[in-house]
Amino acid sequence: MTHIRWLFSTNHKDIGTLYLIFGAWAGMVGTALSILIRAELSQPGTLLGDDQIFNVIVTAHAFVMIFFMVMPIMIGGFGNWLVPLMLGAPDMAFPRMNNMSFWLLPPSLLLLLASAGVEAGAGTGWTVYPPLAGNLAHTGASVDLTIFSLHLAGVSSILGAVNFITTIFNMKPPTMTQYQTPLFVWSVLITAVLLLLSLPVLAAAITMLLTDRNLNTSFFDPAGGGDPILYQHLFWFFGHPEVYILILPGFGIISHVVAYYAGKKEPFGYMGMVWAMMAIGLLGFIVWAHHMFTVGMDVDTRAYFTSATMIIAIPTGVKVFSWLATLHGGKIVWHTPMLWALGFIFLFTVGGLTGIVLSNSSLDIILHDTYYVVAHFHYVLSMGAVFAIMAGFVHWFPLFTGYTLNETWAKAHFIIMFAGVNLTFFPQHFLGLAGMPRRYSDYPDAYTTWNIISSIGSTVSLIAVMLFMFILWEAFSAKRKAIATDLLNTNLEWLHGCPPPYHTYEEPAFVQTNFKK
């Protein structure tokens, strides 16, 4: 019966667990690819042999980490597990569609890995720009397999988004208004709306690329009246909301973790937090061309995209200062999730500041496609999204499993990881300012020192990842039972114990909503 339970599951907790395991596995693959990248760049000269294989590894690293690690863990894992529990819903709105959303991902990952294994692989970068992604520069099936992989991952995400939106709107208790749902639920809702609106545009772009490659159309070929810049507009209209999709659930997680370990019953400025996330979601759709400052846009177009991009810093600042205000006056408990959350707040802010630098179109002309950009988005992803995932995972691990992690090991893991990621990515700001371009497998000797330091940092991060695997093994091996949790009134997910029973809220939940002052 076990294989039936896991293959045909319609239970949000089981599907959430599948997502978490799949995401962890993909995370290992993505980490391995990143170690190969840093090994190649650890000294001048070549290690892997040629630029194509290097670019295939870079492309696969990006796709695996985005579509098969961060999104499945944050939206599929945490979303499935927590949204029904926080709402008091018996399950997701469409349980079988939920199962399909998950099972589209392994074939998608298989297609992506297959694309690297046939012909010369897809060495296009994750943006898959034509003409490099066209059938002259990339003959063979590699790019086509990548496109099919993205189609499957996209369908999976769209179905998941529909499911979450329906669940959050329709499956609340009758007396609960939208403004009484927890911030994590809000973050998943806004993320789902972004997915629903942006992914079809990506699907259109890569389908046109597919027909350009195979059916002799010329959407992106100037010889037939097309324009490669059209592809960039379509891709980034998806690509920019996508980066907010990656971080928004993290915002929700951090709000919960900070409030919990500061001993507060709610985060500071609930409504401000909600509206800030909505503002970020909306603004995320009208800034896409800041990725294209170097393609030759009008000065007034550049001025608009610079200003609009800077505006996003305002709601982001609202969130950062609200987290700090939540800490204020609290009885702070220095458990591991709190360390991850504080690391998130600091490092995400650093990444945000370099984002403000890059939003200036005139500066971006110089910094575009240099390691400054790599440093920027790895600060918000490798230290934003990943730190949020770690904060949430360590915080809710007793809920998911009924066991507790070893606090000492978990703190050591945080310290090693913190050192590793900063050592890896901080020097890349210097490389970028010195003009080292991205996506090259070799570099002039002048860049050697910072690259060596960056590669040492990646090895430290690898040790941290391996230590985390050990910590997980230790927890399941020692089987320390989780006993009690604090603040049950405002943290509904813990209500049924650790772990909760297979079915929760089989009868509608009673929710007291008239909070007396």
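Cβ coordinates come from backbone N, Cα and C, glycine included.
Taken from Swiss-Prot, the feature topological domain 'Mitochondrial matrix' applies to 1-11, 87-94, 171-182, 262-269, 328-335, 401-406, 479-517, supported by similarity to another entry. Per Swiss-Prot, transmembrane segment is recorded for 12-40, 51-86, 95-117, 141-170, 183-212, 228-261, 270-286, 299-327, 336-357, 371-400, 407-433, 447-478, and the stated evidence type is similarity to another entry. Look at Swiss-Prot and you will find E40, G45, S441 tagged as Na(+) binding site, backed by similarity to another entry. The topological domain 'Mitochondrial intermembrane' annotation in Swiss-Prot covers 41-50, 118-140, 213-227, 287-298, 358-370, 434-446, and the record cites similarity to another entry as its basis. Here Swiss-Prot flags H61, H378 as Fe(II)-heme a binding site, drawing on similarity to another entry. Annotation comment: Swiss-Prot describes H240, H290, H291 as Cu cation binding site, evidence class similarity to another entry. What Swiss-Prot records for Y244 is O2 binding site. Summarising the annotation, Swiss-Prot assigns Mg(2+) binding site to H368, D369 and lists similarity to another entry as the type of evidence.
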Additional residues surrounding Cu cation, by Cβ distance to the H240, H290, H291 centre under 8 Å: W236, G239, V287, W288, A289, M292, F305, T309
Intrachain neighbours beyond the topological domain 'Mitochondrial matrix' (87-94), with Cβ under 8 angstroms and 6 or more residues off its ends: 10-12, 80, 162-164, 166-168, 170-173, 176, 181, 185, 492, 503-506, 508-509, 511
Nearest of the binding-site residues (H240, Y244, H290, H291, H368) to G45 (Na(+) binding site) - Cα to Cα: H368
Cβ pairs under 8 Å between the transmembrane segment (12-40) and the transmembrane segment (141-170), at least three: no
Three-state secondary structure, H378 (Fe(II)-heme a binding site) (per DSSP): helix
Whole-number mean of pLDDT values that fall within the topological domain 'Mitochondrial matrix' (262-269): 96
Chain residues in Cβ proximity to the topological domain 'Mitochondrial intermembrane' (41-50) (below 8 Å; excluding those fewer than six residues from its ends, i.e. six or more beyond): 57, 441-445, 447-448, 451-452, 454-455
Secondary structure composition of the topological domain 'Mitochondrial matrix' (262-269) [DSSP: H/G/I, E/B, coil]: 0 helix, 0 strand, 8 coil
S441 (Na(+) binding site) versus binding-site residues H240, Y244, H291, H378 - nearest by Cα: H378
Proximity of the transmembrane segment (336-357) to the transmembrane segment (183-212), 3+ C-beta pairs under 8 angstroms: no
Cα separation, H61 (Fe(II)-heme a binding site) to Y244 (O2 binding site) (Å, whole number): 19
Result, the transmembrane segment (407-433) in contact with the transmembrane segment (51-86) (3+ CB pairs under 8 Å): no
Pairwise CA distance, E40 (Na(+) binding site) versus H368 (Mg(2+) binding site), rounded so that it is a whole Å: 22
